[in-house]
């Protein structure tokens, strides 16, 4: 996006950077501007950079096949046999936004799944999102049930989610809409799980904002951050007016609630909103960050993003098309994924030693979700990716990121595996603006980078010494035994 | 003690602010120096100690069915909410505390009874740790331009100034005395900081008694002398830290500011920092925001903005940055004043010094800085921090604001300071605690009369002794950030000023990051040091062995200590905590597993060393060693809310309460 005048081009980037170029010559300037304009608003996916990008590095591991659901299932089967892999969606006919394979309760057959799919919006029947090994509780996600005004029910749907409950125990449905919105949805054929038909489930409405509200909030916040005035008051009121941190707080609270139901209440949880492709995924993925130490490793976090966002059908192409500087109103644009990343950052800030990755890793994912030379975030779901033949025609972000030389940049020097559940504080005093994203281009960062370097050096030096000491110890031990042998 | 009507009350409930259900029952004791709450419960018997001098207000609320609530707010931002079963007991406690919290004589203060079991010599050594003469020598004075003046040796010229002040060489006693008569409370211009590199200096004074037209030849000569002491520059800045309107209003009372026409070669500048009353109200408003029960994000941000607190912090910083720039970049000397020259002037001079001179960013240097700009130049500690019962309108968080400015700088320059956040928090605590004599009284004169150095101990020695707790692991004396002047960005950097929850929500550990990077890195560094030592030992042994090839004497490896060390910081990482109240919807849900394995709360049980107040900060003589300062130092201490140690299943309901 650009504003051209008198030989000056201002390029406002999706990563929130603003570049100003002064170009001698009015004509050249206009030509360049219109070229940039055209090239930055291609309509066809296949003309985009990932289709032309030729990697300059050696691919050690193909990222397209790094995170298959089959592997995840293998991991799951080692602790429980209550679940199975279903290929009911192998040609994307049951649910166009689901991946070809999903994990469902063992007792539910594919025929039943087909029926449930008809009862859920967009065919998004309840599938396993997370299994809490500690107590065997499960987190499911889906879209809203299509109960309509006359209270339709679906026996298979009830059976499916009841199959995740232990006998005599109840579960929670976390609906990310307020009650009145859920009620209104019935008029359009949607709805929610009614107590009469789901007596073992208790419904909680935990409202999370969506779509254009989030996008407006995003735009306002970025404006506030770029405000050049000197007035302290204006800054805080603008920050407040953007409501961004309110969304962060609400989202974290909902995720904590889901995690609490599973870990503390020992209950299974079903999460959904309307479509089950946005707020639902925010909640399920954040709950896993809180509950599952694996998700706090680099590899585990990548797997989480693949499983809960890409394969789960978050429409990246629609949501991450323009970022915050867009003039044109994009109906589907919304910083849903960015909000998720920021929530992870907030938890990271409160538990700085419990994550294997650092802030740069989160920023990297933000950048690549909006613009990338890799095909990973193209398309809106697995079905579209298959049609575009992305795995064959483009490079995966993971192929690049998971090479040792790249990985080292994203490692948190003070990481120490923490096997516990980590409960973040959601009080306003505990939440901060994510400067690494929003003030990245207009704050002095040198001193912070130096501090980061210092942290790395402290740890590195410690490890080096440790290695040296170990070598010497071994040498000494060997020499001592040699000496003893000689004496004998 | 005669003021204690009720030395002990049983079955008192201590409420948790975040959750009404998370209350603990215990016994309340009133002693001559402390309020002590001891939890019932066999294993932990957690104690909360609060010094009387920390109490800022006591509020008795309407009696309810469960008892009579008593709210104690402390100057270190702790809020203690008690419920006492009997109304009469509550009243007695209330009346006693009202009196105990407001001593009328210095002798009632804790520092006169506090005895850390040091002998006389150690006490004297402690007081010698910070030596201002040494400090002025370090700065490079006396020299060709500056000399020490004994004009105030018996506090004859200015009773709120120290006996020894540095003035320009060309300023005769006649000029000084003349100038002092033309300044509020006779606080004549004196040296605060001298920049060896370019001869520029920061001087401080009070406002001139200029009214609408008065002038004073000696005062004009004094400013000339300051300019002449910096031969490289042909003018000086005179910075009035007040808003212009306030300064003009002062003229009507025969005070005011320098007229550029009367003084040759000055550039006059207003920097609008508000007065102590505005600051007091601003803090009050911000604390109200901090005290809100589960505020929304908007409540919080709106309240924070409305308090104006960060705006005031920024104003002080801007003034400091202006002066530091004038001195370092323009090489121009600056005279700073406000009204009396003991509040805003102290803030601004010390911020500027801190920016200019890396020495003040070290542990020792920071103590020196407070001693120089605050203690010696007569900042009215007693009045501002209400040590003795006095006029509430005199109370204002002046030095708190300076301490926050330092914290804000630490956030921007993480490697530039030798000390850490905890150091600042503990200094703030002790300014109010009156456990040490450093901050007693309103001036050096009063302190000498009270014989503070003979009768009390010095905080600086205490902090120095425990300096390992206060180090910033990222500090390296050879790092670029520790050299020269700091240049904070001024332009559009409002967002750089952040709310300091570590201070203002200090006692609500649940709000803070659960793992401390500082503690982690300090532990690593300590281990590194041990490794270095071991490496040396091993290399030596290896060399010996290679030489003789017969060294079979088994030297015990240090491995054991090392693994212990390791334990220290891995435990830091296995921090556990419990969820907050995320929803009120859960409570009516009946089916809950009663026998739930709670590994994380089980861990909390081992972390019961958490004290709700800094025991080291509140310990009395016989409690000294028993109540070590664990809450701040122990890396695991920060991890759990004060009342979470009892992680039993029956407490589970707490997280679901509405």
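Quick reminder: no glycine exception, Cβ is built from N, Cα and C everywhere.
For B:338, the entry in TrEMBL reads active site, phosphocysteine intermediate. What TrEMBL lists as substrate binding site is B:275, B:276, B:338, B:339, B:340, B:341, B:342, B:343, B:344. Among the features that TrEMBL reports, compositional bias 'Polar residues' is placed at B:570-596. Per TrEMBL, the feature domain 'Myotubularin phosphatase' maps to B:126-504.
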Cβ neighbours within the same chain of residue B:340 (substrate binding site) - under 8 Å, at least six residues apart:
B:184, B:185, B:187, B:206, B:207
Cβ-based neighbourhood (8 Å from the centroid) of the substrate site, residues B:275, B:276, B:338, B:339, B:340, B:341, B:342, B:343, B:344 excluded:
B:206, B:241, B:242, B:345
C-alpha spacing of residue B:338 (active site, phosphocysteine intermediate) relative to residue B:344 (substrate binding site), in angstrom:
6
Cβ atoms near residue B:342 (substrate binding site) (within 10 Å, other residues, all chains):
27
DSSP secondary structure for residue B:344 (substrate binding site), reduced to helix/strand/coil, please.
helix
For substrate, with binders B:275, B:276, B:338, B:339, B:340, B:341, B:342, B:343, B:344, what's the maximum Cα separation in whole Å?
12
So what's the average pLDDT for the domain 'Myotubularin phosphatase' (B:126-504)?
93
Determine the Cβ neighbour count for residue B:275 (substrate binding site): the number of other Cβ atoms within 10 Å of its Cβ.
15
